[in-house]
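Asks: Here it is, the structure, as structure tokens.
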Amino acid sequence: MEYYHHSINKMAMFMVILVLAIDVTMVLGQGTRVGFYSSTCPRAESIVQSTVRAHFQSDPTVAPGILRMHFHDCFVLGCDGSILIEGSDAERTAIPNRNLKGFDVIEDAKTQIEAICPGVVSCADILALAARDSVVATRGLTWSVPTGRRDGRVSRAADAGDLPAFFDSVDIQKRKFLTKGLNTQDLVALTGAHTIGTAGCAVIRDRLFNFNSTGGPDPSIDATFLPQLRALCPQNGDASRRVGLDTGSVNNFDTSYFSNLRNGRGVLESDQKLWTDASTQVFVQRFLGIRGLLGLTFGVEFGRSMVKMSNIEVKTGTNGEIRKVCSAIN
């Protein structure tokens with residue numbers, strides 16, 4: 001009996017060590033680590049946090065803007081701040097990036113940090129931290145952000161083709177995510193960022209009036225939701241008008257986005273497909289805690305997936321640079 005308990009204790013200790021090893025691997029990523037600036041610029045993270053909070057208080061739309069910007073940065077050439085670079089043919093000029101916002105928030109934080117820690121903190125890290133702080137500003141859960149990224153020196157609009165599109169099938173979405181080392185759960189979790197933010201009428205109009213050139217709406221749209229969307233985005237109305245991606249909860253980081261998918265009230269075609277495809281529907285159900293399935297806590301899993309995404313093709317050590325100004329290479 002004593003040997004039995006001893007074996008159980010050893011096994012329990014092994015499992016704890018294994019879990020810790022997994023968490024450490026997740027946090028450290030490819031040369032990044034939590035607290036990278038703790039000795040070289042200890043105020044960096046608090047400056048980013050306060051800057052995001054100040055801008056959010058005057059304009060809540062910066063939160064989804066920054067979160068989307070970080071996603072777009074990581075999916076193109078890795079998380080290296082290349083989305084921040086200005087230029088006639090830079091990433092931010094590509095069609096999927098033309099409505100990004102929050103550049104001023106990142107530059108504001110960078111200016112403050114440079115004043116006390118010149119040449120230390122990368123723009124890529126500021127963006128990663130600001131994305132986390134944007135979720136917190138909208139009442140989402142926090143997570144530890146590994147830092148230590150360096151800034152890239154290449155930014156090309158042509159590379160934006162790696163980004164998932166609003167009309168992509170689930171198979172295409174999964175392929176694009178898998179290419180970046182992200183699995184199906186990561187896909188559903190990260191797309192859950194659409195719980196905050198908006199989309200332009202231009203990207204949903206065909207879905208409302210001429211889906212797949214049928215002359216009618218997407219049949220997956222709930223019958224009571226369709227007239228609401230059509231009222232917001234008339235067939236010949238303002239294509240630039242914005243529509244909330246999470247009806248009724250556009251400014252709160254919560255699971256109502258997934259409830260909307262279950263009820264046929266997803267705004268984007270690619271979002272609603274997460275419910276109609278069995279391989280992704282199961283994760284939507286698990287985030288909703290549907291009985292009979294092993295539940296997943298959305299806020300926790302979102303943070304885990306964000307850490308994975310934030311370590312895509314990062315530049316560390318002597319690769320890249322630390323920009324003096326986020327919008328231009330040194």
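Cβ atoms are placed via backbone N, Cα and C, with glycine included.
Pulled from Swiss-Prot, these are the listed features:
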- 1-29: signal peptide (SIGNAL)
- Q30: pyrrolidone carboxylic acid (MOD_RES)
- R68: site 'Transition state stabilizer' (SITE)
- H72: active site, proton acceptor (ACT_SITE)
- D73, V76, G78, D80, S82: Ca(2+) 1 binding site (BINDING)
- P164: substrate binding site (BINDING)
- H194: heme b binding site (BINDING)
- T195, D246, D254: Ca(2+) 2 binding site (BINDING)
- N212: N-linked glycosylation site (CARBOHYD)
Asks: Counting other Cβ atoms within 10 Å of each Cβ, which of the binding-site residues D73, D80, D246, D254 scores lowest?
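Replies: Ranked by other Cβ atoms within 10 Å, the binding-site residues D73, D80, D246, D254 bottom out at D254.
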Asks: Count the other Cβ atoms sitting within 10 Å of the Cβ of the residue listed as 'heme b binding site', across every protein chain shown.
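Replies: A count of 26.
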Asks: Reported as an integer number of Å, what is the Cα distance between H194 (heme b binding site) and D246 (Ca(2+) 2 binding site)?
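Replies: Cα of H194 (heme b binding site) to Cα of D246 (Ca(2+) 2 binding site) measures 7 Å after rounding.
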Asks: What is the number of other Cβ atoms found within 10 Å of the Cβ of the residue listed as 'N-linked glycosylation site'?
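Replies: There are 11 of them.
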Asks: Could you check which of the recorded positions R68, P164, T195, N212, D254 is the closest Cα neighbour of D80 (Ca(2+) 1 binding site)?
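Replies: Of all the candidates listed, R68 is nearest in space.
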Asks: I need the CA-to-CA distance for D246 (Ca(2+) 2 binding site) versus H72 (active site, proton acceptor), whole Å please.
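Replies: D246 (Ca(2+) 2 binding site) to H72 (active site, proton acceptor), Cα-Cα distance: 20 Å.
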Asks: Can you give me the same-chain residues 6 or more apart in sequence from R68 (site 'Transition state stabilizer') with a CB-CB distance under 8 Å?
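Replies: Sequence-distant Cβ neighbours: L100, A193, G197.
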Asks: T195 (Ca(2+) 2 binding site): which of the recorded positions D73, V76, S82, N212 is the nearest Cα neighbour?
Replies: D73
Asks: Restricting to the chain of G78 (Ca(2+) 1 binding site) and a gap of 6 or more, list residues whose Cβ falls under 8 Å of its Cβ, or answer none.
Replies: G152, I312, E313, V314, K315
